[in-house]
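Chemist: The structure under discussion is supplied below as structure tokens; questions concerning it will follow.
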């Protein structure tokens, strides 16, 4: 029984439980919402279908089986590598994901970078003189960035650039990084900026709070008493320690982004994982939604594990835990 | 008041009429008033005082590292010919660590947790341009070895959390002495350490400082420790130095009233205050062959925290467990409180095995056995008024209504000598000693028979500690209480205990009445503990 207590076994166990929970919840939610694949694909015409037609359609979509059977059929498929097929486009979910996921990952990585590049230096700046004008100004703009909804910022930015400068790279149809790196990066600029601006405020606040707390630590005073010059003190002793909570924060944000930045993907027409879920939902493509959500959840869990690894690099104490 | 100049040695540090003011929400507060003192090369001057006396502020001034709301409002601090109060910040950065070394109080919080031990010492050498690269590393390893770290080469690459408290303090000493400073400031350098470790660390620090010929300013709350370690002692009280003189003279013939009170309260020197024993007392709690194991991650064999402990607490008596941190004394207390179940042996309360208690019986047991914990700052809910804190046990056990509880609170506060008006105050408005009184009042709320005091006086100043010990004894006389008194401090234990159990590595190594144990300890470990009591050599002499 000893191995059950081992931290790694526990983490993996927790992860599996989380994924099972997510899959059941998605499954139930999809079926609680009124309507199914038949009403979604036939629209109002679904009402004119004869009972026989409905029955054969239900048999076709597998809706005639009991809910547990439907769930376990799907689960068995997932476990054997079959994520299901989109019935409207006749493309497998695996293929769909293979196309969408790289775009989402690219978007998430770039957005996190922008969020960190904005948030950490501004957090340092705000913490440098707490309560003074510099601090107040950064805090105010961070609050502003946090409160402006990203769909608004995205729309305003995009239409302003399009109308006044005729620059709207996202209008030409999406190119992946492999297909056309130049155009792809141009297309990514706006969504990355919009997402980065929404990530920066929490990063800024975390950095600022951590710096202020660490500055009051005994070991900082001891370093001063050792004669460490101010600049070195700020970087080697204070910032280095302050980054530990920032890592946690960033990991969480990254996880959310991998779930698909739905708004940004929709407005800037980026075929990412968020759009895939949305498309599946409007078509009531049960398999697409269930499998994609499961993939997103898996990514989230993986990112959390990754955060733990980074944690071990920045916090030596985590290495023995 | 000026100290008498030390004879024939070069004065390194001269403080003249130093005053320090803090601006607080309640206006300006003068924390240090007209303090003058001298420290010569190779000399140790101890500054003794209780918390809030201004002794740490004085140290902060020498380093010019006062808190932001504090400023030096008058006087000078001369390091040789340089007035530190007038030096620029840049100048001070060059002096700190180089000409003035600091050994801080708490080794657990004073090392940067994300920097390797070696790098932190190398940094001291590098920022002052004394050595670089490989030379600095070699020097740092040598310094660590000198400070008493064995296998310094390997430990150089470890992080602070891989070091024990005593080892960390050695690292801090190595760091403070790295640049061979002329002045060494030691601010309560060992008050967070076990007594036996404290002695070793102080020996090492004293030896290294005298090799360097540094002037040492030793700050401590412990008069006995000061007298043992310093050439001269200055007693500080409410921001002023009230008395100063050669250590032996000051102890033998204290002039100031406050010094006399400190001496009388020092556990190593005070007389016992044990309550009279009631005849033919029955046994309240009996522990027989108690065992507690903890599993440790990454190790196959469980750790034996409590190993076959036999212990008896007679009614109306104080039974003490003494030992160093990690000896298992707190775990034993937790077994007695049934905060944990023993893995072997039995704990009987009034003849009943407490592990079998359920429901109402368990509640009755909880009512009659109450704890008081170490940290008076952490054990009171900051959002409760004192009245709510004291009444909480009554509410939990559904005793009385609001009105009778209020009355009970007043009576309880009176028992611990606090005015009834305290019921409406919040914990942060109280001093450490007052808070510990509140914790005792809370423990008494349910009319317990046994109170478990886990290091309940360790965090308090000697004078306050004396008051709490007096309170314990008088409550015992009055209410016939029994105590299980857990402490690392053999000197304190001797004052109040009827029976002493000495614990080491989970086992009881020796037990008996305190005087016998003090006069003729049988076990080597007990002898070490007694020898390590600060001032032991003074009283023995």
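The backbone N, Cα and C atoms fix where each Cβ goes, and this holds for glycine too.
TrEMBL: automatically predicted annotations, no manual curation.
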Chemist: Pick from A:71-93, A:140-162: which range has transmembrane segment per TrEMBL?
Modeler: A:140-162
Chemist: Looking at A:44-66, A:182-204, which one does TrEMBL call transmembrane segment?
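Modeler: Based on what TrEMBL states, transmembrane segment spans A:182-204.
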Chemist: Do at least three CB pairs under 8 A connect the transmembrane segment (A:242-268) and the transmembrane segment (A:107-128), leaving out pairs fewer than 6 apart in sequence?
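Modeler: Per Cβ check, the transmembrane segment (A:107-128) touches the transmembrane segment (A:242-268).
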Chemist: Can you find at least 3 Cβ pairs under 8 Å between the transmembrane segment (A:140-162) and the transmembrane segment (A:182-204), where each pair is 6 or more residues apart in sequence?
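Modeler: When sequence-distant Cβ pairs are counted, the transmembrane segment (A:182-204) touches the transmembrane segment (A:140-162), since at least 3 lie under 8 Å.
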